[in-house]
Amino acid sequence: MGSLVLPLSAVFCLVAHSASGSPIMGLEQSPLEEDMPFFDDIFTEQDGIDFNTLLQSMKNEFLKTLNLSDIPVQDTGRVDPPEYMLELYNKFATDRTSMPSANIIRSFKNEDLFSQPVTFNGLRKYPLLFNVSIPHHEEVVMAELRLYTLVQRDRMMYDGVDRKITIFEVLESADGSEEERSMLVLVSTEIYGTNSEWETFDVTDATRRWQKSGPSTHQLEIHIESRQNQAEDTGRGQLEIDMSAQNKHDPLLVVFSDDQSNDKEQKEELNELITHEQDLDLDSDAFFSGPDEEALLQMRSNMIDDSSARIRRNAKGNYCKKTPLYIDFKEIGWDSWIIAPPGYEAYECRGVCNYPLAEHLTPTKHAIIQALVHLKNSQKASKACCVPTKLDPISILYLDKGVVTYKFKYEGMAVSECGCR
């Protein structure tokens, strides 16, 4: 049996209807439900399709879009995302006119939690370790190292602390010996610190190089030195990097990348919307020779002008339309790895597509013919289906193997418009 593909928004419609426990929606049963089979009724009518198998395949489709092979297994306990990642999510979730520089943003935390900074002749060194994994098909747009600088000074005597900060990449020797390691300068800048705050360093080139090498661990070393000689700098204050474990000011490597999948996904969504049409045989033996273009346009015109009681009756509530459907990630057991949002309004398309089809439902030529055939002989063709014709994306903040990841536009998650197909 060939694979069955449905719009991604249908994943959560199915999960919502099949989830155990309290219902996701508190809506009363609509009168139109008498005329509409539930999902499991629909699929059991089709030979060889198992509902549970279908549901699992659709969940897999959702995970595949996020480049996940399975629901990420998380450590026990809730993971607190970096403050910066929450700020990004809230910024773009509340202001839809804002656009991030990339569709995917990942944050990698410092993995070296035991090494301590070392000071020698006025030079202070901080070791950092990042386990970086970025899919090869993504384009790294930008990468930045975020360090929280702690400024300690006598506010009565000095305006600030003058320091030079250099970011080195520690390159391992061929034989792995520490004596033969070399240091590559990634970025160097001068900072006049007046208050404790975040400082950002561009490490895009290095991150692109790391991406090509595949998932691997990379060691950095931060050097902080005074711009004055040691005698002049004595007592002027200190500038340090906050390295406290489990601190909201942990060093953070933030990678902005583009999966270049928007166009591809939108085309796939369009194909998914009309997949069921390809299964309907409209040859001359099973049905009738379809009308030519002129006759079809006339048929459409007649439908628009028709003011019969049927149209008025259908317009009262049971015609195809967008209805509320709130998805709560906790209800379906995905709150362990989806950080934000806790849920979202996905909407769904409900109702019937009786002939004649209204213009606002933007029916295809095929749907018009199918509705007409069903009207003449319901045994030959089923009614046209009420389905999403336009889908909107949502933003999502989630955990992928311990890496807090933000995806600005996860396509096909919310119904924008419904129609008959």
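Positions of Cβ are set from backbone N, Cα and C atoms, glycine also.
Since this is a predicted model, take the numbers as computed values, not measurements.
Only one of Cys349, Cys353, Cys385 is recorded by Swiss-Prot as the disulfide partner of Cys420: Cys353.
Between Cys418 and the candidates Cys349, Cys385, Swiss-Prot records a disulfide bond only with Cys349. Of the recorded residues, Cys349 (disulfide bond) and Cys386 (disulfide bond) place their C-alpha atoms 6 Å from one another. Neighbour counts of Cβ atoms within 10 Å were compared across the disulfide-bonded residues Cys320, Cys386, Cys420; the minimum falls on Cys386. Look at Cys386 (disulfide bond): DSSP puts it in a strand. For the recorded site, Cys353 (disulfide bond), the DSSP three-state label reads coil.
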